[in-house]
Amino acid sequence: MSDSEVEYDIAGSLNPGVDSEDDYSSGSESDSEIPDIIEDSEDETGPQQGEPGTMTFPNLELSDDDDDDDDDDEGRKKKKKKTDDSVESYFGAPQTGKKSSGSFAGLGLSQLVLKNIARKGFKQPTPIQRKTIPLVLEGKDVVGMARTGSGKTAAFVLPMLEKLKVHSAKVGARAVILSPSRELALQTLKVVKDFSAGTDLRLAMLVGGDSLEEQFKMMMSNPDIIIATPGRFLHLKVEMELSLASVEYICFDEADRLFELGFGEQMNELLASLPSNRQTLLFSATLPKTLVEFAKAGLHDPILVRLDAETKLPEHLEMTFFAVKENQRDACLAFILKEVIQMPFATPEQLKELERLDERAIDDGERDEDRKQKRPKFKKERLPPAHQLPSEKSTIVFCPTKHHVEYVIVLLQTLGYAVSYIYGTLDQHARKNQLYRFRTGKTSILVVTDVAARGIDVPVLANVINYSLPPSPKVFIHRVGRTARAGNRGWAYSIIKDNDIPYLLDLEVFLGRKLLTPRLFKQQNPDPSAEPDYVNTLTIGAPPRQALEIHGEELAQMVKDSYELQQLSEVAVKGERMYNKTKGSASQESAKRSKQIMALGWDDHHLMFGEDGESAKDALLARLGQKRIRETVFEFRKSKTTSGAEMMATRRAQLAPIQRRAAEKRAIQEKERLAGLVHSQDAEIARSTEEDMATEADLTGFTTEEDLRAAKKAQKSKKRSFRDSENFMSHYAPTNDDKGYAVGNFAGAASNATFDLINDGSEMQQKQGMKWDKKKGKFINAGSEGGKKFIRGEGGQRIAASFRSGRFDKWKAAHKVGNLKVGALEESGPATKRVLSAREFKHNKNEAPKRADKYRDDFHKQKTKVAAAKEDGRIQKPQPKSELKSTADVRKSRILAEKRKQKNARPSRGGRGGGRGGRGGGRGGR
């Protein structure tokens, strides 16, 4: 068995006394379709085994007592009854001796779902799955909060399949899963297909960029589950006049992104159309601590399942920060890749393979333009398993804007690395190709933006590099949370400048981890052999100065020699200028503390690189500089009696006591801080780790797991709090952790969103401010259009929410079908069967291209196509005309000759002169 195939004996786990090797053997069917990572939790015990005598799984066998007593009539009746109810029991939960949340069988899932889980090779549920699946099966509205890669997708897909079971003959979708991006929707579709194998459930994926006619056909096939992006789903809802009254189960995947800028209008339209008795789930890697504003989503008595407060970052993640100057960031990136990570350069074989893939991508693009050409099939390489690294040094580089992405990829390719890239406005086909190269190990570096990285399926990584520090702590967690998964170790390197220090201090407070400079570490640990803790502290320092200078000179020469790099560098600088204007500001307290951190040697030699050889030289220069008395320009080479010298002496006499008192105050504050006698920011950091979980006042309107468990045991009503949920104002300020998770109303989400990923370009930026309305004669909000409801289509354009183009009406008339009647039974007439079974006509003819016209713009391109067609034999050289006549040609020529004879033998009408007519009858007629 290969490493990519995992075998798990569920029958043996449920009943250790029965050998289940004959039942089935689970293995990974396709490693190319990897769902959202379902990690094995290391801190959980294995699945608890059932008591002897329980039935095996998945074959419905009798217990040991029934098998031994074959003559017992009662046993035969039981066996007959079980045989009759085999279908129902197969879709029901297995009868285990004791329910255990340590295994999927103990969560109440049916045997068919368990079989599909085992076939994919998953053994134990993750914490988010253990806590949410039983609640969802009970019909509760759940808000799930867990970091990226914790198995959130399976947490809502498995109970959905358990509830739907089989296809419904009634018209109307019963489950809807909304995703913020096409990539995430495709990933969710793969998971649903894997776990629904063996059922007759119908799926439909509705995303932008696909054919509307094909999606009309999908919706007319009465799907049970719809996986869609909000833009296209609302487009089809308006165009087809869909009714969502049949929806029983709706899930908002990556809910914080769905309810932010891009999909706010679409979500409000969709939520108003959903029935009130639906079950609503919200899942995301980052959700706010207070979820009162999400009441607009229609949650009824929701239960909050939050795991990120327990471990905000992966357990084995090591982090460090490199302090650089303004013009040293590129040199630091090259230094990290070459010296720290030791990234190998691209081999000649890799470069040839990448060139071949580029040529194939160009050919595919030309075939898309010329749809008559048939696309050749290439054998795709299988993706590695979820627990295996794409390559040994696989690294993601996060950039702030797409302009930085374009600059960095050219820079790294010039250095000799194999690089892939993805940003928000990249074409969907190009995204797939770039991600496929990175997943298969053909490239070792993936350069992305935050907007593009959300929803990208990269299970395991070795390193993460932040080209610039993100302004939000949660964006930082989302970035670095992609490494050190599934018990693996990983590194996160961040490049920061002096203006990033306030954001770094906000991150320090949010994570509850102490910022450690080289100077502070040496004061706390006099032992020179001591190593810093990169897991529990935020270690900062500067890379070796000499190495940075070498890489900086090399890159400067590269940029000087390349016109493309010069242009991209200028565009990236302008893009960063706009990015800094739009990103949020750090807290005032962090801005004040940043000066203290800079005074503590934040840019000293980094502890990772051992002793600093430059420090001794700097100390010597400092001592030499102190040998002479420092003089100002007013005193240099002037006598003491001049006015300037007297003024400086008076000023020094006045400032000396003030400077002395300030130095004494700083020394006292430092002693108090070390003694723990003051409530400083450090005390807030220490206290924030104890206040991660939400209090009762913070989670007003939400039920926690502990409350639900206590209510089931005691069967008593919970004592009502004296605090009014609407008017109560707390007497203490929220902690920094609360501020990080806080969210305002949706009207102000553009500026106060808790996890607002700044767009990597200006294409999706909304207008801000006021503009003059000529008709109204006053200023109005630039983002409003007179109160009309608009939606943003998949192309980015704003259209009216009630707009119908009539394409569905034309499609219905062409296929002779009617509207969907939600709630009615499916039609099985000939018209419906014809529509569902009809195949889309595709041009398969490989005709010769037209002759190239030198006056057209595509002359050279068409000339190349004609030359290729001649080589393929589609265009043949003209042959000489045959002189042999066929029987039909001979007969035709004889008939024509006979007609000429008859015409020439007619008598003339004229007189003399041969019938030339007129007077005289010819030449001599006079």
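Even glycines carry a Cβ here, placed using N, Cα and C.
Mapped onto three states, the DSSP output places Gly151 (ATP binding site) in coil. Here Swiss-Prot flags Ala146, Arg147, Thr148, Gly149, Ser150, Gly151, Lys152, Thr153 as ATP binding site, drawing on sequence analysis.
Summarising the annotation, Swiss-Prot assigns compositional bias 'Acidic residues' to 19-45 (among others).
Look at Swiss-Prot and you will find 62-73 (among others) tagged as compositional bias 'Acidic residues'.
The feature compositional bias 'Basic and acidic residues' is assigned by Swiss-Prot to 362-372 (among others).
Annotated compositional bias 'Basic residues' per Swiss-Prot: 711-721, in sequence order.
Among the features that Swiss-Prot reports, compositional bias 'Basic and acidic residues' is placed at 837-861 (among others).
Per Swiss-Prot, compositional bias 'Basic and acidic residues' is recorded for 868-899 (among others).
The annotation compositional bias 'Gly residues' is assigned in Swiss-Prot to 910-926.
Sequence annotations record features per position, and here Swiss-Prot assigns domain 'Helicase ATP-binding' to 133-305 based on sequence analysis.
Annotation comment: Swiss-Prot describes 370-529 as domain 'Helicase C-terminal'.
Residues or ranges marked as region 'Disordered' in Swiss-Prot: 1-102 (among others).
The region 'Disordered' feature in Swiss-Prot is assigned to 362-387 (among others).
Marked as region 'Disordered' by Swiss-Prot: 709-731 (among others).
Per Swiss-Prot, region 'Disordered' is recorded for 835-926 (among others).
If you look up Swiss-Prot, you'll see 253-256 marked as motif 'DEAD box'. The average pLDDT for the motif 'DEAD box' (253-256) in the predicted structure is 78.
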I'd like the per-state residue tally for the compositional bias 'Basic and acidic residues' (868-899) from DSSP, helix first, then strand, then coil.
18 helix, 0 strand, 14 coil
Please count the residues of the motif 'DEAD box' (253-256) that DSSP assigns to helix (H, G, I), strand (E, B) and coil.
2 helix, 1 strand, 1 coil
Same-chain residue ranges lying at least 6 outside the compositional bias 'Basic and acidic residues' (868-899) that approach it to Cβ under 8 Å:
846-849
Does DSSP put Ala146 (ATP binding site) in a helix, in a strand, or in coil?
coil
